[in-house]
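The following features are taken from TrEMBL:
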type    : residues               : note
BINDING : C60, C62, C75, C78     : Zn(2+) 1 binding site
BINDING : D464, D466, D468       : Mg(2+) binding site
BINDING : C809, C888, C895, C898 : Zn(2+) 2 binding site
DOMAIN  : 239-518                : domain 'RNA polymerase N-terminal'
Amino acid sequence: MFELTNLDSIQIGLASPEKIREWSHGEVEKAETINYRTLKPERDGLFCERIFGPTKDWECNCGKYKRTHHKGVVCDKCGVEVTKSKVRRERMGHIELAAPVSHIWYFKGIPSRMGMLLNIPPRALEQVLYFASYIVLDPGTTSLEMHQLLSETEYQYVLTKYQADETGKPPFRVGIGAEAVREMLREIDLDVLAAELRQELADLAAKSTGRDSEGQKRQRIVKRLEVVEAFRQSGNKPEWMILEVVPVIPPELRPMVQLDGGRFATADLNDLYRRVINRNNRLKRMLEMGAPDIIVRNEKRMLQEAVDALIDNGRRGRPVTGAGGRQLKSLSDLLRGKQGRFRQNLLGKRVDYSGRSVIVVGPTLKLYQCGLPKEMALELFKPFVIQKLVTLGLAGNIRSAKRAVERVKSEVWDVLESVIRDHPVMLNRAPTLHRLGIQAFEPVLVEGKALKVHPLVCTAFNADFDGDQMAVHVPLSMEAQAEARFLMLSANNILKPQDGKPVVSPTQDMVLGCYYLTLIRPGAKGEGRYFTDLDEALMAYDTGELSLQAKCHIRLKRTFEGEEYEKIVETTVGRVIFNQAIPQNMGMCPRETVDDMFKLEVDKVVDKKELGRIVDNCYRAHGVTATATMLDNIKALGFKFSTRGAITVSVADIIVPETKQTILVDAEKRVHDTERAFRRGMLSERDRYKSVIETWEQATKDVTNEVMRSLEEFNPINMMATSGARGSVNQIRQLAGMRGLMASPSGKIIELPIRSNFREGLSVLEFFLSSHGSRKSLADTALKTADSGYMTRRLVDVAQEIIVRELDCFEGTGEKVRGITVSDVYNDGGVIETMKDRIRGRVAAEDVIDPNTGEVIVSLNELITHDLADKIEAAGIKEVTVRSALTCQNEHGVCARCYGANMTNGRLVDVGEAVGIIAAQSIGEPGTQLTMRTFHTGGVATGEDITQGLPRVEEIFEARRPKREATLAEIAGVVHLQQDNKKRREIVITGDDGDSKKYTISYDSKLKVNDGDHVEAGAELIEGSINPHDLLRILGVKAVQDYQVREVQIVYRAQGIEIADKHIEIIVRQMMRKVKVEEANDTSMLPGSLVDIFRFERENLETLMAGKRPATAKRILLGITKASLATESFLSAASFQETTRVLTEAAIKGKVDPLLGLKENIMIGKLIPAGTGMRRYKNIDIHEAY
């Protein structure tokens, strides 16, 4: 029996005419579909029951045989087999063509595979196939050349020129149409052709002069050789690219349904098939009647066009259109794009046991709970409820249980309660940008129709309660429930996979409440009072005798080393309340002496950042359960005291400083002076503009400072901003200070500042000026979301096959462990990422030794934890060699040690973790927060555009040539600058070995070197962005990998987004997986082809062992789109982009998909090879212990 789970690989190839006939259950001879009176399929038509199977289960067409006991009988009257009607989804038919036609994919694709094999230009081939020109198949004794094209008039002339022999046949042979092409393809001897092409290559290399034309000729030979080798090795025959038989897909996949008005709606394919059948039948009739050649030829051309339209409508000529001029969807269109078979039906399927509803806040829920509406829960858990009703004996059989559920009897609710008690459900909010967009919760039944969500998990889902909706999914099997509970439960997802920082952290009201609770207000009610214990202090607060923020003295009791001590501590009752909610041993405060024991764990004002730190410390010190409990405590406290504090916003809270006018008058005066200097010719336009902008920027800053000074500590707006609950200084400035300078649509800053603020109100002109920027930012946001989503998709595609496949790739190889050297990352003189951050969660590639004491801090292959990273930093070590995905030797994934720690729990990653997808999500998810703009540096004439934000990340990952490219020194040596009178300058570098290299640069580029400087190879000579391909050529693989990781980090860190290096390294590894073969020598590789580095090294090793010459190659850098399409898996590539091109190539090569990635397995319906779906886990034999 065929078992999907045992499928190891899938092969694609060309179908021979015999194969197509073998698939078929009969020939479709008529173009009819359904009889309009009886509504039954016409015999031998496109929906024929004899060919495709019965339309009704277990019933033949004429009704002679009905029911299952006639299973498998073929009716002698109507010829229909008695079977299930679902065979109409599986059985294929065929159309026998009266004349062969070419398959448009192989003739029209780029490059044209037929043209390559025959060495005929595609245009000439088109003329032959579409009956515009004859082609010489055998010149005989004439002066004609093989494969020469002849037009009709030329053919007639040649016929008269060369007289026919005694049999009446001309001394040469010509052909036209697909028949001629088929004959030419049949005559090709692939082995001979391959040998000839290899010889041509060798001859070309022997007499090489380095001309461009030679390079093009070599490239063409290599491309031809590639196609020839593909046919040789795959077992496909070239003549199979010409169709003699057209397969007809099952009728249920191109249905015809009756609409309300009695009309029929039909799939476009039926129309396309009907055109093919009609033209084919007409051609058959003409051939039988012996019609004139010209008419037959025209009909053959029309048949060729009909088959073209069926396979790929619109690829050649005018597309076939249906009613209203709409282009009909051909077979290729069914596969292509977002709505195609691959992306719509194979990679994304709708599932049963799911529902969706609006979400509302559930402040009383625990972190791992969600509120599920009763009716929805009953529907989702129906089978479980029915089963339980039967087992408990509350219903006699399944039918009565079903009836009880439908009538919603009272006992059903009790059963539902018990069913869902230990059954987690999964909540998902679209768009699911990272894995925290789907989490599992324990359901709690709630009234109403809305889902209730815990406020703390909103950050992970990026949800708010302004009408967002969420989907619920029920994991059915025991394994699925276990995975949901242990891996996906929200309490287990406290840290972000992106950087290991907490994602579940109090926000908004909760932050404000905790901030209010821990503030100290001088002179508050009850200040300086003493209390015998905490209860008394709380009682004083409850009775209104003591303010939350008043400093008071409370006697506390503590146990230290088994003895009890008492001490009076000065603090506020608010801080004591806050500390009751959090563990007092999280390591935020030392606990070494008696006095230490009396310190509060957090004795300072708690803002958003501090809360994040508290969560982080608690998780590290006490793990998941304690953190979840603490978070719920903080949530309750925050809500309670933000309500108690009655903090609200009123217009009176916005205080405009009195000094504002003075500052503005001063600025006016300075701008006036600048203008006067400009009019007198003392300043250039550029300097004037710069000075005006700087003056207003300074004025805005001064006003802001005044605003912040005039706001008192307990001003509600100030509290909201400083606590990090909502808003920022920037927004307060616009409310109470001045809006300041605005950018025009082009990005240039407008000289006129907006002097008003929102409290005073804007004038009409000011409002108009400020609406530029607002509109631009709205448009930006819309574009950014789409661009960011597309980038995430490409990243996922390139990295999806990277799974942790083993523990250690160097183990047992006898090789020395390799890694990368890590130190601080600098940009513009400042550190953007410290070494400590970079080595945390990595595995050491060699012993890390303290230079002062000589002790080994971290030994080889040991994981560097938080504490060890602190120790390394304290020892003053500046660089550490750690293992990295970039140096991992695992062919199809990475090993656990090269990857390092799983960021969500700080432990070494498990074998089976899909780290490629996590890397892609970690880079893609924050993509929406990056800016879209290419910044204009406020200058009119600087003309310097620095690509930043999302476009820059895309530029790096697509390995594009940057806009303003920096020239790099190709050799180390001394710089000499030479002036040139043609508006250009020359830089000459004289190498240390006497070689010199000349670079011509334009006058407007800024130099980064001076005359006489000594530069290293790879140094930038002029300002601009580095082209990574140049860097790879000059400095090699390691330099370009370092550069790419650093550049991506610079963009993200500039926006305050932290991403672990390992995620970027995984993507960069995928971009650098290929080498380009230069000389193939004695290997089976083809020169100029792209080969996986591991395959290249393996084949070279085998060649060397056999005593032959290995191939030479150079490492290349591919952009993520190209890298995705260059993957070994044709299923993955076809479902990504350029579906028809990928499938064409794969079919000719007879590619085998080893099903190693995630996408391929999802498509064919297998478990993904990650986690428990890995082969090593699935093939475990369980032996019972006796």
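Even glycines carry a Cβ here, placed using N, Cα and C.
Not measured: the values here are computed from a predicted model.
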By Cα-Cα distance, the member of binding-site residues C60, C62, C75, C78 nearest C888 (Zn(2+) 2 binding site): C60
From binding-site residues D466, D468, C809, C898, the one whose Cα lies nearest C75 (Zn(2+) 1 binding site): D468
Shell of the Mg(2+) site beyond D464, D466, D468, same chain only (C-beta within 8 angstroms of their C-beta centre): I359, A463, F465, G467
DSSP-derived structure type at C895 (Zn(2+) 2 binding site), helix or strand or else coil: strand
Candidate with the highest Cβ count within 10 Å, taken from the binding-site residues D466, D468: D468
By Cα-Cα distance, the member of binding-site residues D464, D468, C809, C898 nearest C60 (Zn(2+) 1 binding site): D468
Protein Cβ atoms within 10 Å of C895 (Zn(2+) 2 binding site), excluding its own: 22
C898 (Zn(2+) 2 binding site), number of other Cβ atoms within 10 Å: 31
Among C62, C75, C78, C809, which are binding-site residues, the residue with the most C-beta atoms within 10 angstroms of its C-beta: C809
Residue among binding-site residues C62, D464, D466 with Cα closest to the Cα of C809 (Zn(2+) 2 binding site): D464
Alpha-carbon spacing, C898 (Zn(2+) 2 binding site) to D466 (Mg(2+) binding site), which is rounded to whole Å: 44
Least Cβ-crowded entry, counting other Cβ within 10 Å, from the binding-site residues listed as C60, C888: C60
